[in-house]
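Okay, so here's the structure we're looking at.
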Amino acid sequence: MMSKSKVIAIVGATASGKSAYAVELAKKIDGEIISADSRLVYKGFNVACAKPSLEERGGIPHFMMDIVEPEFDYSAGLYVKDAKKCINDIISRGKIPIIAGGTGLYFRVLLENYDLPQVEPDYEYRKELNKLEKEELYSLLEEKDSVCAAKIDKNDKKKIIRALEVCYVSGHPMSELQGIKEPEFEVEWIGRNFQRNILYDRINKRVDMMFENGIVDETKYLLEKHGRIPNIIYTIGYQEVVEFLDGRLTLEQAKDKLKQNTRNYAKRQLTWFRKNPEIKWNVYPDKLKK
């Protein structure tokens, strides 16, 4: 039996220092970094999504950032396909792949035993579903697939729509189609975290910096260029600024709401990652043998 290729996964909540940690580690072990963040794949999603600048990347090659326009509905299935190509390319050059980010589903489908349903997208059906509010969509999913609904965050409109789409296209609940597969890689799991009060303080400071660094202008630019597409108006960071631009919130209210929404997101991320017993929190891995 052939041995599996070795990779490092760096996971954790937003603002836990994953990106800087990954760069530091890559320099020590001759690694290259693959992003596992569902927002960083989009071009122009910079300030609001804390995309590492070229300076912050420290000369280390980064992959799976800025690969599609915001109009494109980039799925977890596409991520697996593209990220595997990056992993194989990095290994072929004698480097160590470091997958770093906070999108739990990306890690699950790429590195764990979770197999995605092979159901083609129905863009017309998606368009109809996008006209509904999140609450209506979630209630609909509870009716059609209560098992799947229980595993999805009520505010994650994209995942709710995908689950409904799978039901619609296949005629079967998504929970019945999700399978188990043998993981393809040997993974060293590293988790980044801080005590809650410290993490929340880091989040609050990050949000303040976003407003200093031009999140409002970035949001205006994206809206002018792409319109009010779901990938913009439902992304944390942009959605709060949109409410400010629409006059529904003051600037301070938008800032406070973004801080609260980000803290809530961090809680959900940690809940997801803590289900993985293989994650070693706040440690340095030994240098992997090639």
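Including glycine, each Cβ sits where the backbone N, Cα and C put it.
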Between 37-40, 201-204, 277-280, I'd like to know which one TrEMBL lists as region 'Interaction with substrate tRNA'.
37-40
Non-site residues, in chain order, whose CB comes within 8 A of the mean position of the CB atoms of GLY12, ALA13, THR14, ALA15, SER16, GLY17, LYS18, SER19 at ATP:
GLY102, ARG192
Take the C-alpha atoms of SER16 (ATP binding site) and THR103 (site 'Interaction with substrate tRNA') and report the distance between them in angstrom, rounded.
13
What residues in the same chain, six or more past the boundaries of the region 'Interaction with substrate tRNA' (37-40), come closer than 8 Å to it by Cβ-Cβ distance?
49, 51, 64-66, 74, 79, 101-103, 105-106, 235
Of GLY12, ALA13, GLY17, LYS18, SER19, ARG126, which recorded positions are close to THR103 (site 'Interaction with substrate tRNA'), meaning a Cα within 10 Å of its Cα?
GLY12, ALA13
Counting Cβ neighbours within 10 Å across all chains shown, tell me which of the recorded positions LYS18, ARG126 comes out on top.
LYS18
Counting across all protein chains shown, how many other Cβ atoms sit within 10 Å of the Cβ of GLY17 (ATP binding site)?
17
